[in-house]
Structure formats: C-alpha cells, structure tokens
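S.K.: Pasting a structure here, questions to come.
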Amino acid sequence: MKGIPQQVEVKANTKVKMSNLANTRKRSDYFWAYLMIAPTMLGLMIFYLWPILQTFYYSFTEWGAFGQYEWTGLDNYKRMIEDTNLIKSFKNTGIYIIFTVPIGIFLSILIAVLLNQKIKGKSIYRTLYFLPVITMPAAIAMVWKWLYNSDYGLLNYLLSLIGIKGPQWVSDPKIALYSLIAVAIWSGIGYNMVIFLSGLQGIPKTYYEAAEMDGAGPIRVFFKITLPLLSPVIFFVSIMSLIGAFQVFDLIFMMIGKSSTALENTQSIVYLFYQHAFVLNDKGYAAAIAVLLLVVILIITAIQFVLQKKWVHYD
Amino acid sequence: MERARQLVTSKTFLIHFILIVGSIAMVVPFLWMILTSLKTYAESIHVPPVIFPEKFQWGNYKEIFELLPFFKFMLNTLIITIVRTVGQVFLCSLAAYAFARIEFPGRNFLFLLALAVLMVPGQVFLLPQYMIMVKLGWLNTLQAVIVPGLFSAFGTFLLRQFFMGLPKELEEAARLDGCNHFQIYWKIMLPLAKPGLVALGIFTTLWSWNELMWPMIVNSSPESMTLSVGLSSLQGQYLTNYPILMAGSFLAILPMLILFIILQKQFIEGIAVTGGK
C-alpha cells in the first residue's frame, strides 16, 4: 500500500522533468527561430516595410530644392486629376497591357503546346525561345533600336524587299508604343512558355488517352482538356504578367530618347514616377504616383481573383 | 495506314514549321547584334545591308574598353551579383527554415508582414530607399545596390514552400541526437533543399545582373556603375556608332549567356519552379 503514493510521486516528478525539458526545448526553439529570421526580417522592415509607410507619408508632402519637405495634405492627389501627362501615361500603360498580356500568353501557350508534342529537337527550340529571358533589358533595347532604325535597320530593309517603305518605328508617336509592345512580347514568350510547359507536363496522360479513345480531334482535345486543366497556370501567369506590365520602364527608358517626340505617347506610369522622383526632384508627387500605382494594381488583382471563379478549374 | 502516316508527318511538319519561324524571330536579333559588332561603321550603315563583314572588326571590342571603363562596369556587376546571390540565398533560407519548421510566438504575423512586401510594386519602396542611401552616404557605392538586395520576401516565401515539403523524420532523429536548429538547418535541410536554393540563386543572379532602375538611381558615377547603367549611358553618347554599341551589348550579355549554356537545365527548372508555385 505504501508503494502507491511513491509511484505517484515518481510519476509527478517525471512529469515535472518532462515539462521542464519541454520548456527548455521550447525556449531553445524560440531562440533559434528569432535568430534565424532576424536578418531577413530586420532587412525587410528597414528597406521595404517602413518605406511603404514613408511613401504614403511623402505622398502628402511637397519637396524643396534642398531635400526639405512640408505637409501639403491632398494637394498631390488633387494635382493628379488635372495632370494630362499622368492621364496619358495611364492610357499608354493600358494599351501596353492590353496588347502584351493576352498576345504574350497566347503565343507562349501555343509554343508550349507545340513543344509538348512528340517531336525532335525540343530542347534546342526551348533554349532558343528562352534566350531573351536571360538577356539584359538594356541590351535587348539596344539591339531592337538598331533593328528598328529607320534608315539602316534590318527590319525596314526586309520590308523594302517586298516593296514597303518601313515607318520610323521608335520616333513616330503613332507607332512607337506598338514597337515597344512587340519587343516586350518577344522578350517575354520564353519565360511564360517554360511555366506553361511545366503546367502541361502536370496534366495526367490518361485524360489524353481517354480523349483519343473517344476519337476527339486535336482542337477539341485542346479546348476540352488542355485549356481547362491549364487554367490555374494561365490565371497565375496572367496575374504576374499584368503586374509586370504595369511596371514597364526599362524598354521605354532605353528605346525612346528623352527628347523624342514619341515620349508623350509612350511614357508609362513608372516612367513618369521616375521622372518626378529622380529627375524633376518632385518627390512628393512621385510618391503619390507610386501610391496610386499600388492601389490600381491591388484593385485589378482583386478583380482578377473574383473573375477567376468563372473560368479557372481546380480539381 | 499510309494515310495515317502521312497525316502524322504533315502534322509534325506543321509543328516544326511554326517552331522554326518563331525560333528565327528569337535568334535573328542576337545574330544581328554579333554581326554588327564585327563590322566597320561604314559597313553597318551600308544600304543594302552588309550581312557578313568583309573582315571581322575585333577592334570594336577593344574600343569599348577605351571609350568607357567597361572593365570596371563588369567587375562592379560581378561583385554585386555574387554578393547579392550568395547573401540572399543564405539569409532567405535561414528565415525560411525557421518559418517552415519551428513553432514560435508571432510566426504567422511576421510571415504575413513579409508577404505584404510581395504584394507591393517595387516603385513604392524606391524613394525612401533612396533617402536611406543618401543618409548613410552610400550613393555611388556598391553596397547601395548590394545591401537592399540581400533581403527578399519572395526568396523567403519560395524557400519556405520548399522546406515545408521536406520529410520530418530526419529532423526528428537529429533532434534526438541533440542537434540544435542551426545544425539541423545547416547539415540536414540545406542539402535537401538544393533545388530550391539553386532556383532562387539563378533568379537572383539574373535579376542582379540585368537590373536597371535601382543601380541607375543610386550609382551614377562610372566608378560604381553596373553594366546595365553603363549601356544606358552609352546610348546617348554614341548614338550612331552601332558596331560599338553592339559590341558593348554583346559583352554585357555574354556572362549570362555562358552561365545559361552551362546550367541550362537548372535555369529552366528554376524558372518553372519560381514561376509555377
């Protein structure tokens, strides 16, 4: 009879020990966890999170010549409504998006589907289409500017062979934006193609075998099987492409001269942001443009998420 | 049978036809870049165009180094790219491991904070980042480009996904052996997460090598310029001398081209992984 309380005591003791052990283990867990996330979290806070708040704050200020600034309330936002340049840049960016995103996605799906067939030389094709992805945008812009050159460019020479007098691709205000769009599509195909290709390879072969048994033709198979099963990937790519297209800068900066007559018809929102922030020292207004860009991107992404319910199939 | 085979060959033919037309469109700009870079100025503006230069003008490549501190640009870009890539992969994997594998108070909140950065377009950070660089006196230094590039919400998120997909058993065994979390991360998890690390590494390398806006904002002196910025400055000055411009462009893309040829599989898988998840 005496043994029982003792046993209980022993049990209680081990319990205490266990929980002590668990506690020290937990404490060591916390210590390591905080230590391991500290560099990244501090870096993100200093260089990314705090700047978000600061940009919001700056957007209510006006800057002087020596870096001093004063609170001006909603002035910058009021100024936007009447800023024809800003409205123009939204229009330009909109046109750029409307062309580059759908055409880019269409072409990269096309190439990915073709590369997913049983054909020879797949890896060579894949490599070639991927080349622009690894190439510096500054260099891409440089070579395309040369190809587009109205007097000595290859493109206008090729057009002259079939009797067409080529236009001034990058300096004609009516055409320049579309010339940029073509380059953007050209340089983006490879990236999206690789993502679509890995999406296509994730579609189980059995679906295709079943369709073949039913005698469905390739076009029917594409619309009834490939496209629906690829739709989550298409959704992802369209969101990323849209966000990327909203931020177009490098191509415009490199291909359209600062004093070009085509600048007004090509400058994007981010180009205008750069101008105000770092050329005109109009940092308060630039911050307001950045805030507006953030809001517009968030709204459009949210709309895409709502619309996806209608066309994206998850199984 | 005969008809079926014909159908198959004509289908294959059509596929190759489309792919080849596309490939030509992809490759011609690069070939034209290389060919132009080897022409004399007179050849480059000849009408009709001279396709193959009479004599390869390797001097154009020499000239670019005389016109600009091109070697310095390459060195700057190389240093920035290496430090950013190694640093970012290390710091992100460290944080990603903790977020994926350790329970600690505030984990979800802190991870959400990191995710918030992902949702915001880069331009929103630029102005305050620039002001920080001004305050630190870092304008026209390499660290102005390197330091903000060491921290990445995207990299942390990507690698966290990777760590979460790894089996728990090995880790448990190591803990029973008395390993602490850093040891588990370093000895067990890092080797297992190699495909993820490589993917992030390639992504960061490409990004650092090619980036234009931020290096242009903070580093405008030739001493600290990167290749992208150097090229953009070239454009204004030697607007018409395309053989030299093309030589500079080709030299600027050559390192990534070589890296791509060596690590082709990793590049393509890396993009598929970073893009597809």
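Cβ coordinates come from backbone N, Cα and C, glycine included.
Pulled these from TrEMBL:
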TRANSMEM  A:31-50  transmembrane segment
DOMAIN    A:90-304  domain 'ABC transmembrane type-1'
TRANSMEM  A:95-115  transmembrane segment
TRANSMEM  A:127-147  transmembrane segment
TRANSMEM  A:175-200  transmembrane segment
TRANSMEM  A:221-249  transmembrane segment
TRANSMEM  A:285-307  transmembrane segment
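Can you tell me where each of these features sits in the structure?
M.R.: Only residues 6 or more beyond the boundaries of the transmembrane segment (A:95-115), in the same chain, are considered here, and those with a CB under 8 A from a CB of the stretch are 122, 125-126, 129, 177-178, 180-181, 184-185, 188-194, 196-197, 199-200, 222, 226, 230, 234, 237-238, 241-242, 245-246, 248, 268.
Within the same chain, residues 93, 96-97, 100-101, 104-105, 108-109, 113, 180, 184, 188, 192, 195-196, 199-200, 203, 207-208, 211-212, 268-271, 274, 293, 296-297, 300-301, 304, 308, 311-315 sit at least 6 positions outside the transmembrane segment (A:221-249) and bring their C-beta atoms closer than 8 Å to a C-beta of that stretch.
Only residues 6 or more beyond the boundaries of the transmembrane segment (A:285-307), in the same chain, are considered here, and those with a CB under 8 A from a CB of the stretch are 55-59, 61-62, 76-77, 79-80, 86, 235, 238-239, 242-243, 246-247, 269-270, 272-274, 276-278.
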S.K.: Would you mind listing the long-range same-chain contacts of the transmembrane segment (A:175-200), meaning Cβ under 8 Å and 6+ residues beyond its ends?
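M.R.: For the transmembrane segment (A:175-200), the nonlocal Cβ contacts are 92, 95-96, 99-100, 103-105, 107-109, 111-113, 115-116, 126, 129-133, 135, 137, 140-141, 144, 148, 167-169, 226, 230, 232-234, 236-237, 241, 245, 248, 251-252, 255-256, 260, 262, 265-266.
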